[in-house]
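K.L.:
Before we start, here is the structure in question, set down as structure tokens.
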Amino acid sequence: MNVELDNYPHRRFNPLTNSWILCSPHRAKRPWQGQQETLEDKVIPEHDSQCYLCPRNSRANGNLNPNYSNTFVFDNDYAALINNQPKLLIDNDDESNKSLSSLLKVEIVRGECKVICFSPKHNITIAEMTEEDIIHVIQAWTKIYQNSFSIPFINYVQIFENKGSIMGCSNPHPHCQVWSSESIPEEISKELKSMTKYYEKNNSCLLYELEKVENGQKDLSNIIRNITCRYDNIFQCSFPYSMGIHQAPVDNMNHSHDSHLHLHFYPPLLRSATVKKFLVGYELLAEPQRDITPEYAASILQKCSEIHYKSNIHIAQG
């Protein structure tokens with residue numbers, strides 16, 4: 001890669017979505033007098049009696065959480081998708097609505113939403129968990145995904161985690177969500193099309209498939225612990241992000257060539273622990289834009305330790 005790309009604006013092609021991203025690395029040097037976030041460095045207890053997700057506590061709907069010891073899965077009390085849907089009020093096939101429905105289409109979508117608590121500990125994040133504990137989380141993801149094949153109206157399972165209040169997380173207790181939907185979401189559809197197109201052209205896969213389920217779970221656990229730990233170590237803070245898993249749809253179609261399991265991480269912090277990247281202006285109206293190159297971002301993570309910074313603090317204090 002030409003070193004000049006670190007200093008001049010250019011576009012990068014994303015083959016996974018068949019789209020382009022504007023990269024403007026020189027903009028990271030501009031002075032910042034805008035909004036700065038507050039560091040979440042307050043002491044958090046291992047069990048919070050007011051937390052809806054901690055063991056033995058009551059949730060918002062009144063249900064009592066069990067005294068769980070690793071993961072805990074339950075139906076989202078405020079689900080974005082539900083099973084029992086009313087019939088569509090607008091008939092798109094009605095002649096009187098055809099001129100309207102050709103532009104303003106509406107369709108009912110059914111689905112299910114679940115919450116997975118990673119750990120009974122309120123004061124921990126996945127970056128601080130052991131690989132063995134993360135395997136429990138991966139097993140919970142796998143079970144929900146596999147069970148979805150038996151639900152006739154479910155065609156896609158989206159697993160995601162929003163970490164940190166800056167990413168809109170409503171509860172600091174370590175957890176993720178699973179939205180299983182009747183429709184295949186837009187981002188997934190773009191990836192499926194791109195991977196199919198790539199396979200038809202090159203007779204090979206765009207992404208690699210995990211070789212063995214059991215060995216794969218341990219490898220994935222190590223990767224997740226490693227990357228989240230390094231994120232925290234960049235600014236020595238609980239690094240916020242949105243993370244999601246993309247895998248094959250559960251629509252009982254053959255996706256051996258167009259879909260392979262992979263994770264997406266979307267971190268908002270670039271300059272410091274308190275200055276985030278805003279999705280506004282050009283990015284909303286034109287195309288995605290980044291202030292650093294992927295090579296530079298990768299080099300920062302590579303330089304970070306695999307040992308969590310809090311471990312070093314505890315050692316120094318001890």
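Quick reminder: no glycine exception, Cβ is built from N, Cα and C everywhere.
Feature table excerpt (TrEMBL):
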- H175: active site, tele-UMP-histidine intermediate (ACT_SITE)
- 27-30, A60, 76-77, N162, 168-170, Q177, 277-278, 282-283, Q289: UDP-alpha-D-glucose binding site (BINDING)
- C51, C54, H122, H173: Zn(2+) binding site (BINDING)
- E191, H246, H262, H264: Fe cation binding site (BINDING)
- 7-185: domain 'Galactose-1-phosphate uridyl transferase N-terminal' (DOMAIN)
- 209-311: domain 'Galactose-1-phosphate uridyl transferase C-terminal' (DOMAIN)
K.L.:
Residues near the Fe cation site, E191, H246, H262, H264 excluded, by Cβ within 8 Å of the Cβ center?
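P.N.:
These residues sit around the Fe cation site: L16, E187, I188, L207, G244, I245, Q247, L263.
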K.L.:
Tally every other Cβ atom lying within 10 Å of the Cβ atom of C169 (UDP-alpha-D-glucose binding site).
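P.N.:
Cβ-Cβ neighbours of C169 (UDP-alpha-D-glucose binding site) within 10 Å number 15.
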K.L.:
Could you round the CA separation between K277 (UDP-alpha-D-glucose binding site) and H264 (Fe cation binding site) to a whole angstrom and send it over?
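P.N.:
So the alpha carbons of K277 (UDP-alpha-D-glucose binding site) and H264 (Fe cation binding site) sit roughly 17 Å from each other.
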K.L.:
With the cut-off set at 10 Å between Cβ atoms, which of these recorded positions ends up with the most neighbours? Options: R30, H175, K277.
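P.N.:
Its Cβ has the most other Cβ atoms within 10 Å: H175.
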K.L.:
Counting only residues 6+ apart in the same chain, whose Cβ is under 8 Å from the Cβ of R27 (UDP-alpha-D-glucose binding site)?
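P.N.:
In sequence order, D291 meet the Cβ cut-off.
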K.L.:
May I have the list of same-chain residues other than C51, C54, H122, H173 whose Cβ is within 8 Å of the Cβ centroid of the recorded Zn(2+) site, in sequence order?
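P.N.:
What remains near the Cβ centre is H47, D48, Y52, L53, N57, N171, P172.
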K.L.:
To the nearest whole angstrom, what is the C-alpha distance linking C169 (UDP-alpha-D-glucose binding site) and H246 (Fe cation binding site)?
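P.N.:
Between the alpha carbons of C169 (UDP-alpha-D-glucose binding site) and H246 (Fe cation binding site) there are 20 Å.
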K.L.:
Can you tell me how far the Cα of H173 (Zn(2+) binding site) sits from the Cα of D77 (UDP-alpha-D-glucose binding site), in Å?
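P.N.:
Taking the Cα atoms only, H173 (Zn(2+) binding site) lies 16 Å from D77 (UDP-alpha-D-glucose binding site).
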K.L.:
Can you give me the Cα-Cα distance between C54 (Zn(2+) binding site) and R30 (UDP-alpha-D-glucose binding site) in Å, rounded to a whole number?
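P.N.:
Cα-Cα distance, C54 (Zn(2+) binding site) to R30 (UDP-alpha-D-glucose binding site): 43 Å.
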K.L.:
Given the binding-site residues H122, H173, H262, H264, which one has the fewest other C-beta atoms within 10 angstroms of its C-beta?
P.N.:
H264
